[in-house]
Amino acid sequence: MEGREAKHIALAKFTHNTLFTNRWVQIDLESLLVEEPFPLEANEERNLITHGDNGPDDELQKLDLAKNVDELSLADNSLESKSFIAEHRGNDTSGETIERRIGLVHAVALVVGAIIGSGIFISPRYVVRSASSIGETSLVWVFGGVLSFFGGLCFCELGTFIKRSGGKYIYLKLAFGPFIGFLFSWIDVWVLDPCSFAILSLTFGVYATKPFFPSRGVASDNSTVKYHQPMMLVKLLAACSICIFTAINCISIRLAARVQVVFTSFKILAVASIVIVALIQPLSGAAKCAATELNHNVFSGSAISPGSIGHAFYSVMWAYQGWSSLNSITEEVKDPEKNFPWTLMISIPLVTLCYVLMNLAYFSVLTKQEILASDAVALTFASRLSPVFGAIMPAIVSLSCFGSLNSSLFSSSRMMFSITREKQLPSCLAMVHRNSQAPIPAILMRAFLALLMLLPTNVGNLLNWLMFVDWLIYRFVFIGLIWLRRKKATIPRPFQVNVLIPIFMTLVSLYFASIPFISNPVESVFGLVERLSGIPAYFVFIEKKWLFKSERLSRLSSKVSQLIQVILNVVPVQGENWAV
């Protein structure tokens, strides 16, 4: 035993030419070797969390015990694990821990900012097309908020029980193993998240340029105004917006959080102003007809059928997308046991109130036919109120999208960071800045992928092909919550919901996931095939590690990691906040 331990110590001692001080240093990892196991508590299995790709049962037995990243990796008795840490520690012998800097106000701003983007300004047309009546449309918006709240309750339990960043990915990995986690996340990381980020930036570019280009034509009923902007200019503004928020997120986490508070406050004030103006503005003849329709024919023309209601909810839930974004940054949230529930109870009702009031404001000025005929309901609504309001509405929509870019980048980069720490992406993406602790490599990679998505002429179809699988992922997360309750019932949960809620949300997510197969089967099958393409990728890159068996590639990877550390001044992160 002593010989084996001495061998491990000898292998752990190494020297290399440090890139930071240009002198030879010696790092001794003897003190980091785990000699004694952690004591087991009564009626509860305890162990260390490893970085290896173990099954879900092994993962679940390793909760709430890891103190740092070295202990996590050295807990694996294989020399490969020890050499991996020695190779990728760089010159920092202690690493960096993630400081919890996101308070309640910042958390609410991030969630509200992630939800309220361009959806409420565009999607009402598609909701009205399926729901038909004013009353039914309003109820769909209300119940969309209720569903988001129920889903948020489930994620609130997971976020306070599993105190690790990564959101859906980390929950799927702990519940079902690394294969399922990788299968449902790798397309998100490389395609879906960058694609949605690019579309949001393009939406900002489109609305930001509208006031500077005259309308191409106005419909005879004065309800639809069309614009023509040079696509190159739109993409240039989109690229600039991506670069601006990339710089902000790289400079400081607190700065990014404060910027989000500013933009979220603007969104709330803008919605309140729109509603107030709609109520006090003298109405034209057509608007008075719309107001009369709102007062006397609330449920006239309701289309009560599972298909129509399902499509209406599908459009509404797209506007509510982002309600689970806080779980991507769990390790950065102060006092998550308290702030997660409070964030949920403040943000979702606030967004629901804004959406319902905006919907009623639209119907108070526009008729149902005008809403259906408009490509941008908010612009038609504003131009009907007054020319001045019509001129500033594009700026309101563009700034709303602009603020959502920040929250989207903030949360999605943490998802990539979390997946990298689980050894399913290149290790250099799991590093943070020495001073700001921002995951700069992950942020830059996310921005780079989004910029690439700006090159195609149309990425909307790709997003449609893949979006429906989101609800399939949610279904597995809700099932995983139920499974974790059964599998790890002895581990305390600071926040726990009634089991009927995740069961209900499982059925709802299954229903939402099935809707696209009925309306757009070809696109849905394509999206499903894209997800399943992760199966060969997992076995090639993760399970068999064929790409990394080459010593030449391993040395190249090590050199690249060291170069990134020097250029970006980043270091590997410790796992102090990995405990769950």
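Every residue number used here counts from 1 along the chain in the order it is shown.
Cβ coordinates come from backbone N, Cα and C, glycine included.
In TrEMBL, annotation is done automatically, which means it is predicted and not curated.
In TrEMBL, the transmembrane segment annotation falls on 104-127 of the listed ranges 104-127, 440-463.
Among 104-127, 170-191, 261-280, 342-365, 170-191 has the largest number of CB pairs under 8 A with the transmembrane segment (465-485). Counting same-chain residues at least six beyond the ends of the transmembrane segment (104-127), those with a Cβ under 8 angstroms from any Cβ of the stretch are 137, 140-141, 148, 200, 203, 207, 257-258, 260-261, 263-265, 267-268, 271, 311-312, 315-316, 318-323, 325-326, 329, 333-334, 339-340, 342-343, 346-348, 350-351, 354-355, 358-359, 362, 371-372, 374-379, 397, 400-401, 403-404, 406-408, 410-411. Within the same chain, the transmembrane segment (342-365) packs against the transmembrane segment (139-158): three or more Cβ pairs sit under 8 Å, each pair at least 6 residues apart. Using the rule of three or more Cβ pairs under 8 Å, pairs at least 6 apart in sequence, the transmembrane segment (139-158) is in contact with the transmembrane segment (497-518).
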